[in-house]
């Protein structure tokens, strides 16, 4: 017996968020699973965009959307309705199993027992028991009545474990009375347990590839399986063997649906076909339809005259089922058996487009995306908004047009797995505090022309995402307005923010606007990593990144005897005009007119006291900097020169020379 608790061990963490609309009424990626509540006509769909949506299938209107159920942050792989439609259980690639109030659409509790993707669920209606399984090779049994009674104070639940699986589990099935549970895995075999005793009773061999879908007969005597090997097999558990192999698909069988009398199989395949087959006589089969993409799941409509189907695409379609009629009178007076016409599209729930391509622009603030409908969009990562809808334009041309010759370090990564842009901030391979820029470049709308402020993109964004969070242990006198936000901008309050282990499990998910809540604030205190609280709560400034470089005279200098080569260190965002000022003031000992800001020998704070009336030209108009035989733009910063011009792993090297209209000896 294992015990689940909500506390988490402290591990390396990352923060991610999704740039999206406040309400996403359409699936933005494939749909993995369906559940129909025949009592009220509600269809529940589990999306690869991490959202469960509810649809009204009784209306003939195109607007079937009822609500979204959001708390996962990765593919939702399977769902089951239980308790006569009052509750719903979901399984996700975020490694969690969640319990939902199906009527109101909110998450009641989260189970974190699995250690990897949770791929499949099975439900025993008569016992109100659910089983979950996934890539961690584990199967857990849950009492639904216990799960639905969990509260913030009563948050511990006991589960039974079915052991023995040696590979990742992709399919799971149970009969209504809960006497048999079957799993299918990449072992290519079926394992059978008695969930009442948690004892394994047998394993069945026959498939040659992963077992992707399973159905158990109500009496628990038969199992039908579909495999990536393209076959459907019928198994007799009493005889412990395969009694029939059905070949009706050209590629893997990913979804199965049985008729109530367990005589007809409806199968959906990677070959995009949905086929009805008589189990006792597989030659009696009928193509229902050819879908637009590989079929992921199937489910009956209310009166079972049609079947809802989902695919890799985001649309959900209902197809009319053909019926097998054994009582058709032929011309000679005998009886023939034939299929009635099916395959008509009865309804369609349209989905949205999934983002398939993404380019981070050189300024490391904007990304350009292209979706499955060839629509190109520009997103502002810093402000967490869609900036511009460009339409069906040339994607590569737009990237080229908008990319500036500027280098800013990577400070985030983009994940497109859900079909929407998920931005990931961390401290591992990519440091989210790496991007220091001038406020003029990063936030031109906030520029004060009398100052030269440097801003850190990662710091500003974290402060905006957690603007509403006030830790409980902060003294009241410290909680003034200056402690909240970044002072420049806010991000959309509907933005989901996710704290997760690096390369692993989700620990906390909340919306920006909800961070002020008591439970959310407590959860943030328990889960937010130190590098987040340092900048958001303690208001610490991230460290500047520095670049070493050499400075030497150009061969064309009028004083060739000056050959000294100086090694300097400066903040990487220092502009080359500061290097020009340093050359004039410290190397050539000339009077300068600073272009603003400060610089000293290390170029951190350069400020010349010499500002005579006879030297009014700024340094960049009197000094040329060269790198790799290229004249350097004084507006470039050091990191941009190193990336685009120097292009070497060795220390950056500048050569300087005076322009023709300036003689440093003529002071």
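Just so it is clear, glycine is given a Cβ too, placed from its N, Cα and C backbone atoms.
The stretch that Swiss-Prot tags with region 'Disordered', taken from the ranges 566-590, 591-615, 616-640, is 591-615. Comparing 26-65, 164-203, 290-329 for CB pairs under 8 angstroms to the repeat 'WD 3' (113-152), the maximum falls on 164-203. Confidence across the repeat 'WD 4' (164-203), taken as the mean pLDDT and rounded to a whole number, stands at 94. Among the listed stretches 26-65, 71-110, 206-245, 290-329, the one sharing the most Cβ pairs under 8 Å with the repeat 'WD 8' (350-389) is 26-65. With helix defined as DSSP H, G or I and strand as E or B, the repeat 'WD 3' (113-152) counts 4 helix, 18 strand, 18 coil.
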